[in-house]
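These come from TrEMBL:
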- A:6-25: transmembrane segment (TRANSMEM)
- A:37-60: transmembrane segment (TRANSMEM)
- A:104-120: transmembrane segment (TRANSMEM)
- A:123-418: domain 'NADH:quinone oxidoreductase/Mrp antiporter transmembrane' (DOMAIN)
- A:126-146: transmembrane segment (TRANSMEM)
- A:158-182: transmembrane segment (TRANSMEM)
- A:202-228: transmembrane segment (TRANSMEM)
- A:240-261: transmembrane segment (TRANSMEM)
- A:273-292: transmembrane segment (TRANSMEM)
- A:330-348: transmembrane segment (TRANSMEM)
- A:369-392: transmembrane segment (TRANSMEM)
- A:404-424: transmembrane segment (TRANSMEM)
- A:444-464: transmembrane segment (TRANSMEM)
């Protein structure tokens, strides 16, 4: 047997895997006193994995007989996952202590989830992708229910688990059918089968690919498979929600690009129509549902559905600009969401499960820095230049125009106008609404640092979008 | 790929089960007595109905058992092919077993291996009642 293992191709994953064990043992040994060791170990592991990822950027090549790729595309997404996880973990202790759920398993589960995502972004084989997806999902199911004594958190976990398991069935059945037709689960083999076949969607192939797409759309929370996400996001502990709304979504889009960017779309298969309709529905439904929310968590949940819809335009366009625009968009979107959710739980004053927009009243005078940062996140989510959210949308929309999806882009732009209302409402509440009996915010340096970091990243990537976009373009080119 | 033989194999496998059960039913002598009809529990005498609440510990133990059960499933093909797979596979399996051992250490340290007897009053009452009904018969 001659398999070239090429361990550097999974360098990031190896560090994360070892880190999981290390955090688990560290917490067993020191967890009785406090969580500091587990917390610091987790942050160190994430930084180390990030350093390995940057050092080996795009140069590691294929490993394990083409089952994993350490290419630029994988590196780009891995860095995004690690950065999001770092920011979420960094400000978590404060939240965990406040809600009395300060268990060491939290850190371990986040690391496992990131490990799964890194395998999704670097998978060269459908089975590796599936393993990564399950590793990620199962730890997310547990994280969503991490607030064991709260019914809402349990509800969130149970809904996510049941629906997730159901859609995993679709996905796996799709993979089985593709294997039945091609005789391999390797993406390169599937691509050459599709390219060499006179009737690429004949036999089991069409159904197989469609089922695979359904499984992925569920993870991205795209209409009509979005219904789980508001409840799950609402019930989960808020740092977990921040993590869930940013990283797994990016992982699902990464996998979708790896699987569909080359084999299906560029071959002119009829996905673009399906994706067109899904994108239009997702954007419109997400937007109008977000208008009606009075809870900031639910509003952000629906907003994340809408953003998945915008990202679908890049997928439907299927050209290089669309793909690199999606990479830029996903990278920056993570920072906006983590920042917004973090400020949301700091501002919340009625306890978990009761996040109201009115909690933000007078934040402009109570804590001007936080109010300014929240405004940056909201404006960036709306897509106001010169913030990063604007350029993400710009690239994805122009890719849509280039691919001839004019009406889809028109729908998206009109919806962006609608979205101004609910994003700016938060700012109006922060600066203009008067309310009695408001306390000062709790002092939480880690939260402040997280929010400032997120704000800076969004501002800098908005003012200087060039380098990141070039990097995204290079990463997409490494995909082919 | 041709899946016809596999399908036939599935049908044949199912058929064997039914034929065996049917033949057994046809050929075997049937002379029931109460001793024969009682539940067979590896030689232990049944003390009561199984329709009582189980301690959730069973679930944890079953879960831990399952992990090590599956481990063996991986170990067998690995052991058979070890010579041709070489050193890398040996190290890989060592890592795999270390990971599982860490899991066991975790369960141990979290005291999930300690058995708590089903000694709540409710279960005791249920046990007493079910053994009563058996002696009544």
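Just so you know, glycine gets a Cβ as well, placed from its N, Cα and C.
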Can you work out whether the transmembrane segment (A:6-25) touches the transmembrane segment (A:104-120), with the criterion being 3+ CB pairs under 8 Å where the paired residues are 6 or more apart along the chain?
yes
May I ask whether the transmembrane segment (A:444-464) has at least three C-beta pairs under 8 Å with the transmembrane segment (A:369-392), counting pairs 6 or more apart in sequence?
yes
Given the transmembrane segment (A:330-348), which of the listed stretches A:37-60, A:104-120, A:240-261, A:404-424, A:444-464 has the most Cβ pairs that are under 8 Å apart from it?
A:444-464
In terms of Cβ proximity under 8 Å, which residues at least six beyond the ends of the transmembrane segment (A:202-228) contact it?
126, 133, 137, 159-160, 163-164, 167-168, 170-178, 180-182, 193-194, 248-249, 251-253, 255-256, 259-260, 264, 269, 271, 274, 278-279, 281-282, 285-286, 304-305, 308-309, 311-312
Go through the chain and flag residues at least 6 beyond the ends of the transmembrane segment (A:444-464) whose CB is under 8 A from any CB in it; none is fine as an answer.
87, 90-91, 93-94, 331-332, 335-336, 338-339, 342-343, 346, 369-370, 372-373, 376-377, 380, 385-391
When counting Cβ pairs under 8 Å to the transmembrane segment (A:158-182), the leader among A:37-60, A:104-120, A:126-146, A:273-292:
A:126-146
For the transmembrane segment (A:104-120), which partner among A:37-60, A:126-146, A:273-292 gives the most CB pairs under 8 Å?
A:126-146
I need to check the long-range neighbours of the transmembrane segment (A:273-292): which residues 6 or more away from its ends have a CB within less than 8 Å of a CB in the stretch?
213, 217, 222-224, 226, 230, 299, 302-310, 312-313, 315-316, 405, 408, 411-412, 415, 418-419, 421-422
Go through the chain and flag residues at least 6 beyond the ends of the transmembrane segment (A:126-146) whose CB is under 8 A from any CB in it; none is fine as an answer.
67-68, 101, 103, 105-106, 109-110, 112-113, 115-120, 153-154, 156-158, 160-161, 164, 168, 171-172, 175, 178-179, 185-187, 190, 212, 219, 232, 235-237, 240, 243-244, 248, 251, 255, 258-259
